[in-house]
Amino acid sequence: MAEVIKGRIVQVIGPVVDVEFEGVKELPRIKDGLKTIRRAIDDRGNWFEEVLFMEVAQHIGEHRVRAIAMGPTDGLVRGQEVEYLGGPIKIPVGKEVLGRIFNVAGQPIDEQGPVEAKEYWPMFRNPPELVEQSTKVEILETGIKVIDLLQPIIKGGKVGLFGGAGVGKTVLMQELIHNIARFHEGYSVVVGVGERTREGNDLWLEMKESGVLPYTVMVYGQMNEPPGVRFRVAHTGLTMAEYFRDVEGQDVLIFIDNIFRFVQAGSEVSTLLGRLPSAVGYQPTLNTDVGEVQERITSTKKGSITAIQAVYVPADDITDPAPWSIFAHLDATTVLTRRLAELGIYPAIDPLESTSKYLAPEYVGEEHYEVAMEVKRILQRYKELQEIIAILGMEELSEEDKAIVNRARRIQKFLSQPFHVAEQFTGMPGKYVKLEDTIRSFKEVLTGKYDHLPENAFYMVGTIEDAIEKAKQMGAKV
């Protein structure tokens, strides 16, 4: 058995810990793990002990390394013993982790007892070689009309949910988790990066109630935790997802909420390590940090990892370096706007701003492509006419333009949909709409066949049959 290398703490500055390894031939490598025992006082005034993991970030000379703590550092003292792990922090993987909640170091935090995992994989792993990656394109049905029709997702793809605060990113993610688990029986990995602890708890309780928890593993590094935790928790989740892809041959979904907080934590870590900031105060290694996470998300010949990442846009400025660096890696962008949220259209996805490089005839087929393009054309024309309507009113439009406006309003409302995870708020049962039903329903709306139905009949329904039924309930002639 290899000798355990030990050092001692010489300095603690917030989440940064300097450790001295005297008389060792080789210092721990960058990104390798260290551990120590933290002694602190809990809320009730009782002393407790827990293992604190750290990650080596710099070699600072004189046999010293600078490490980033993966947890609170209160209770650490100078001279305290630190143990070198011999490599990166290792994470439990396998079916044993399903239904559980973990922290960044792979320790269970749901008070459900220890995890009897048969295998432990390092937190950092290289992305698959190019020869191992799959070139097959397979569309993933989400059951959400606006996504399936206008920005299709592929297995092994990367999707960004862009939006400011409070426009519905987390709810949309919860619905996608629900639909994948319930209708596809796929495994999901949920990574909470720097988001609200309350939301993490709510999501766990909702998944427990809806029965999808056995198909899911959760890894949390929430906003109350040190930057090292928020900066590395995405890698922990990816290691777990990679096991399901590479060993079990599964198509896995990884949900990262919020990838911007990962960048933000990287900026904090960078500042703590004394690096000079780059544009807008972000870390100089911004693109490298983002690339390390994104390159691990891909399809191989064995299985796939599809990533759906919520991206907070600071001050709704899409040109900010953080969202911009994430943009470069995405196959599809789903943009949520406050304008639609204010109109009560949920999901508040902008059908014109949102894109997918797989919305092309060779991937989705001619019929799907033509219906999607016609929907976009009508909505684009409606957007152009809105300025004229605001100044001159509807009366000044030609008959053709009036028909386009009326149809566009119905399409806009028809792109809304009641969610299963929001039933308790809306009082409306959630709808999962199959892709063929979505295409057929919009194709019929585009013909003008249902222009006579009231606009509100199209609001918060599933298929066109649901809209007809709602119109009947409203007393309209069908």
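A Cβ is built for glycine as well, from the same backbone N, Cα and C atoms used for every other residue.
Swiss-Prot has this to say about the protein:
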BINDING   Gly163, Gly164, Ala165, Gly166, Val167, Gly168, Lys169, Thr170  ATP binding site
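Feature map: Swiss-Prot annotations on the structure.
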{"residue": "Gly163", "record": "ATP binding site", "contacts (Cβ under 8 Å, 6+ apart)": "Lys169, Ala310, Val311, Tyr312, Val313, Val335, Leu336, Thr337, Ala348"}
{"residue": "Gly164", "record": "ATP binding site", "contacts (Cβ under 8 Å, 6+ apart)": "Tyr312, Val313, Ala315, Asp316, Arg338"}
{"residue": "Ala165", "record": "ATP binding site", "contacts (Cβ under 8 Å, 6+ apart)": "Tyr312"}
{"residue": "Gly166", "record": "ATP binding site", "contacts (Cβ under 8 Å, 6+ apart)": "Ala341"}
{"residue": "Val167", "record": "ATP binding site", "contacts (Cβ under 8 Å, 6+ apart)": "Leu336, Thr337, Arg338, Ala341, Ala348"}
{"residue": "Gly168", "record": "ATP binding site", "contacts (Cβ under 8 Å, 6+ apart)": "Leu336, Ala341, Tyr346, Pro347, Ala348"}
{"residue": "Thr170", "record": "ATP binding site", "contacts (Cβ under 8 Å, 6+ apart)": "Glu195, Glu199, Asp257, Ala310"}
>> Neighbour count, 10 Å Cβ-Cβ cut-off, for Lys169 (ATP binding site): what number do you get?
In response: 26
> When you average the Cβ positions of Gly163, Gly164, Ala165, Gly166, Val167, Gly168, Lys169, Thr170 for the ATP site, which other residues in that chain have a Cβ within 8 Å of that mean position?
Replying inline: Tyr312, Leu336, Ala341, Ala348
